[in-house]
Amino acid sequence: MAARNWSRVWVGGTVILISFIAFSSQIFVIWPWYGREISLDLLMLLVPLNLAAFMIFWNYRLCVITSPGTVPEGWRPNIGAMDGMEVKKGTHTPRYCKNCAHYKPPRAHHCRQCKTCWLKLDHHCPWIGNCVGFYNQGHFIRFLLWVDIGTTFHLIIMVRRVLYIAEYYHEPTLADVLFLVFNFATCVPVWLCVGMFSIYHVYLACGNSTTIEGWEKDKVATLIRRGKIKEVKYPYNIGIYKNIKSVLGPNPLLWLWPQKMQGDGLSFPVNPSAGDHMTQYFWPPQDPSRLPNPPPIPAHASPFVYGNNGFNPNLRPTNSLRARRSSTPRIDEDEYSHEQGRHYSSGDERDNGSISASSSPEPYLSDYDHYDEGPMYPGERMTTLVPRVRRGSEGWEVAPGGGWNAYAGMMDEEVGWDDEAGYDEAPGEDPYVERPWEMRGRYNVYDPEEESGYTH
């Protein structure tokens, strides 16, 4: 009840603000300016201004009273054909809203303030006391555009009035000054704020996106950049012209005229380059590391991986790793396909309908420079700038040269290291021949300077 009352306050305040900007300027600024007489010049100002005000109120009313679109009562997805539902990746079950106790179609979301699920939810707008969704998104964009048109024309009239006073040295009355100040103080912030908001929503309409889906695309881009999922394409972008037609109507001449939304809001056309019609049911892909039951890491996995257990193309496996792979029995990931909690973020569909988590590393390199990896297999070409992995031997350290060796010798005498405790010469080996490495304390020390003087 409290939320509904506050919603009425927001709507009432918006109506008062629009009315003040639209009518106070006509009654207290424009009408006295033209001597309170009807003329052609006066009509050229009042007719466009009142037309814009009428369209603003009309579209605003439609935004307030038009429902964004609810999920039809009793609507259930066709699980067998996966028609009209958005599946939860991994469990292959449709998205279900526990609060509303019904299934959720693609692009539908639950609004906590309205406490219901809306089709193609964009955001909850307090200024209209309603959510912006499938059936009123066009009304909302038209309302913003008409506010831009009306406030721009209003500011032009106010500036002309100020220039007229300055040019003809006409002494304005106190009422003229006050209402000029009040109109500028109210119209300029509205023009700036609504203007920026309009640009953003027109941008979303050109990409056939919503505010929520804009956040989802940013999150997906981050997952791709970090190599957690395969590169995927936003499925609903079908071209700028078709995108705008899907929101504002099929006739471009009537885009600013209120009209009924086409479609049912349960399914949407998909860009063929992003996949088939089923692609919309797998958007957005989720972070596989945050799933309740993440996929197990196969035994043959390497510590040097690049997303979804795939190899970084800039790293080459060592000979020891290749030998270990050839000797280690391979664990088939299909053994884990019975796990219900597995959530595949993306990938190719298998024959049994599941989604493979393995992927090629190339799609992850969209934001980075890509260098060809080294010749891991016969016949592969070799390029420059190939980073290599150095894998040292545990328990070895390289002794520094120069004065440090002398200081280390003095420390040997003080500590009392015994060479015989750390090294036993082989039979027939001269014990007085310098060795390139020896046991000092806990470490095997390798001295490259001694190696140069070592002779067999």
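Glycine too: its Cβ is placed from the backbone N, Cα and C atoms.
For C125 (active site, S-palmitoyl cysteine intermediate), other Cβ atoms within 10 Å of its Cβ number 16. Residues or ranges marked as active site, S-palmitoyl cysteine intermediate in Swiss-Prot (evidence: sequence analysis): C125.
Look at Swiss-Prot and you will find 309-321 tagged as compositional bias 'Polar residues'.
What Swiss-Prot lists as compositional bias 'Basic and acidic residues' is 337-352.
Taking DSSP states H, G and I as helix and E and B as strand, the domain 'DHHC' (95-145) has 9 helix, 16 strand, 26 coil. The annotation domain 'DHHC' is assigned in Swiss-Prot to 95-145 on the grounds of sequence analysis.
As a summary of secondary structure, the topological domain 'Lumenal' (31-37) carries 3 helix, 0 strand, 4 coil according to DSSP. Swiss-Prot lists 31-37 (among others) with the feature topological domain 'Lumenal', giving sequence analysis as the kind of evidence.
Taken from Swiss-Prot, the feature topological domain 'Lumenal' applies to 160-176 (among others), supported by sequence analysis. Remote same-chain partners of the topological domain 'Lumenal' (160-176), defined as residues 6 or more beyond its termini with a Cβ less than 8 Å from a stretch Cβ, comprise 28-30, 32-33.
The transmembrane segment annotation in Swiss-Prot covers 10-30 (among others) and rests on sequence analysis.
Annotation source Swiss-Prot lists transmembrane segment at 38-58 (among others), citing sequence analysis.
Positions annotated as transmembrane segment by Swiss-Prot, on the basis of sequence analysis: 139-159 (among others). Same-chain residues lying 6+ beyond the ends of the transmembrane segment (139-159) with a Cβ under 8 Å from its Cβ atoms: 18, 21-22, 25, 29-30, 45, 48-49, 52-53, 55-56, 59-60, 62-63, 66, 122, 125, 128, 132, 180, 183-184, 187-188, 190-191, 194-195, 197-198, 201-202, 205, 247-248, 255-258.
According to Swiss-Prot, the feature transmembrane segment maps to 177-197 (among others), an assignment based on sequence analysis. Counting residues 6+ beyond its ends, the transmembrane segment (177-197) has Cβ neighbours under 8 Å at 17, 20-21, 24-25, 28-29, 144, 147-148, 151-152, 154-155, 158, 161-162 in the same chain.
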Give me the DSSP three-state residue breakdown of the topological domain 'Lumenal' (160-176), ordered helix, strand, coil.
12 helix, 0 strand, 5 coil
Should anything in the same chain at least six residues away from the topological domain 'Lumenal' (31-37) have a Cβ under 8 Å from its Cβ atoms, list it; otherwise answer none.
161, 164, 173, 175-176
